[in-house]
Amino acid sequence: MSLLTEVETPTRNGWECKYSDSSDPLVIAASIIGILHLILWILDRLFFKCIYRRLKYGLKRGPSTEGVPESMREEYRQEQQSAVDVDDGHFVNIELE
């Protein structure tokens with residue numbers, strides 16, 4: 001029998017996990033944390049543009065109009081639009097000599 005044949009033949013215990021006691025609470029906790037970390041990392045990579053855009057710009061929107069009567073909402077929209085219209089006329093042309 002050659003040495004190569006003996007090396008290629010695995011023993012039954014060689015393929016088994018050394019720490020096969022899965023009832024250990026530390027092993028269970030580490031497995032759960034590892035799986036959650038992997039799931040969160042995958043979601044972060046898939047949706048990072050949406051997530052970080054919402055974090056960056058989500059809080060900078062105007063005040064909430066929930067519970068405000070429609071007439072006051074329309075008045076607020078008109079004020080905002082008039083402020084934008086006024087700002088449109090304030091461009092300065094600079095000519096370089």
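Even glycines carry a Cβ here, placed using N, Cα and C.
What Swiss-Prot says about this one:
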type: REGION; residues: 60-83; note: region 'Disordered'
type: SITE; residues: Trp41; note: site 'Seems to be involved in pH gating'
type: TOPO_DOM; residues: 1-22; note: topological domain 'Virion surface'
type: TOPO_DOM; residues: 44-97; note: topological domain 'Intravirion'
type: TRANSMEM; residues: 23-43; note: transmembrane segment
Statement: Trp41 (site 'Seems to be involved in pH gating') has its Cβ surrounded, within 10 angstroms, by a count of other Cβ atoms equal to 10
Task: Take the topological domain 'Virion surface' (1-22) and average the pLDDT across it for me.
output: 53
